[in-house]
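A.B. asks: Below are the features listed in TrEMBL for this protein:
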type: BINDING; residues: E28, D135, S136, G137, K138, S139, T140; note: ATP binding site
type: DOMAIN; residues: 23-112; note: domain 'Clp1 N-terminal'
type: DOMAIN; residues: 132-321; note: domain 'Clp1 P-loop'
type: DOMAIN; residues: 329-427; note: domain 'Clp1 C-terminal'
Amino acid sequence: MSYSDATVAAATEFGPQVRRVMLEKQSEIRIQVPQISALKLRVLHGKVEIFGSELPRNTWLTFPPLQQFAVFTWYGATFEIDGVTETDTISDETPMISYLNVHNSLQVQRHRVTSSTRDYDSSQGPRVIIVGDTDSGKSTLAKMLLSWAAKDGCKPTFVDLNIGQSSITIPGTIAATSVEMPVDPVEGLPLHKALVHYFGHNTATNNVRLYKYLVEELARELEEEFAINAESRRSGMVIDTMGWTSGLGYQLLLHAIRTFNASLVIVLGQETELVYDLNKAFKFKKNVQILNLERSSGVFSRFSDFRKMLRNISIQRYFSGATNNLTAYTKTAKFTDMQVYRIGALLEKSRSTEPLRITPVLIDKDLVNTVLAISYAKQPHHIISSIVAGFVYITDVDLGEERITYLSPSAAELPSKIFIMGTLTWHKT
Ligand code: ADP
Ligand code: MG
């Protein structure tokens, strides 16, 4: 069986909305949740995974509007779906075996590391970087490799360099987090222990120097963490990247591969030129392997408007939770309680050798609808090298009263007075 309509081929009707789906071994159902309603799913028999994370049996899980995912089974399974889908297709043509083979070989490397911890270099686990076009399934493969590793008892570090669509927190960020449990298919990756830097834009061209600087800063912080944490060091990293692979985008990929000392570069999809260029670039580097893997035909292609909507949803989820399960707090602050800064000029020259400038931003109505990062920096000149505590969304600026109204994910006092502004805005619905 290849593609078929799940409702016709594999489902039995159970009342108006709940239907039963049976999946053959090594097949998946690819689902897009509609914009207007959530979808529920419950496993009855067998084992199923969503992007490497096994679902609990007999528990209804709720997937929010617009979520796109595949429910995959290695040995066959039956489950129920409650609600309407935008699309649902079953396929047994998946690259899952090749993805699992990668995981198995990474596990071999991780185990080899444990038994040879004599010198620092040989106690490093594999560092995988996933590259390819937009919508080639990079973030999805990253989740699978992380979840499978966590299921096998490892604690890999996920590094997210994609400022367009971030998997850890809101867009415009360069972040990393240790993954100790399979990735929650609804909630996503854990945020509480993440190291987050705020780039502030959803395209790297806005400030290439800052982008590279933050990538290097994050790599430095992770090296420090690995120096004292043998388990994280041996589990290695999975690095997700932007879907920009030509010209300057390619240069940024090379920069990331070198900065993080990647040992395996996975190129997803038919990317003959990219594979050729990478092989050439690392011809004399025996410790960098380039591997080209097939893109799954299940990956949804997302148009630029859809991507924009996803960015908005991602910010919404930061404040309200994936299933509207969190409370956002409306608060006010005096002008004197907030110092807002921009990093670099609006159009920063990438070849400039001047240090990146930190400029104070005048508090006025232009701040309304912007998302600001709360920096842990104690002094403005530490902003670039400091991680951020979280984000606020400015809803009003009262020039007369000199007060700012903002939305915060926490009821607690702001942890800092120093804020970073980029070009990221949010159109709250
Ligand atoms: P990229 O990171 O390369 O841009 P993603 O991994 O984010 O691509 O995949 C694009 C979209 O397709 C995501 O919404 C993802 O959940 C979805 N997707 C990926 N693989 C599958 C699959 N096999 N079946 C259904 N949806 C999928
Ligand atoms: Mg992605």
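We number each residue from 1, going along the chain as drawn.
Heads up, the Cβ atoms here are built off N, Cα and C, so glycines get one too.
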A.B. asks: Which Cβ among the binding-site residues (S136, S139, T140) has the fewest C-beta neighbours inside 10 Å?
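C.D. replies: It is S139 that, of the binding-site residues S136, S139, T140, has the fewest other Cβ atoms within 10 Å.
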A.B. asks: Of all the binding-site residues here, E28, D135, which one's CB has the most other CB atoms within 10 A?
C.D. replies: E28
A.B. asks: With Cβ-Cβ distance below 8 Å and at least 6 positions apart along the chain, what are the contacts of K138 (ATP binding site)? List them in sequence order.
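C.D. replies: Correct list: I130, V131, G132, N162, D240, T241, G243, L268.
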A.B. asks: By DSSP, what is the split of the domain 'Clp1 C-terminal' (329-427) into helix, strand and coil residues?
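C.D. replies: With helix first, then strand, then coil, the domain 'Clp1 C-terminal' (329-427) has 9 helix, 45 strand, 45 coil.
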A.B. asks: Within the chain of G137 (ATP binding site), which residues six or more apart in sequence place their C-beta under 8 angstroms from its C-beta?
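C.D. replies: The list for G137 (ATP binding site) reads L268, G269, R295, S296, G298, V299, given in order along the sequence.
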A.B. asks: Going by DSSP, is S136 (ATP binding site) part of a helix, a strand, or coil?
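C.D. replies: S136 (ATP binding site) sits in coil per DSSP, no helix or strand.
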A.B. asks: For E28 (ATP binding site), just give me the three-state DSSP call.
C.D. replies: strand
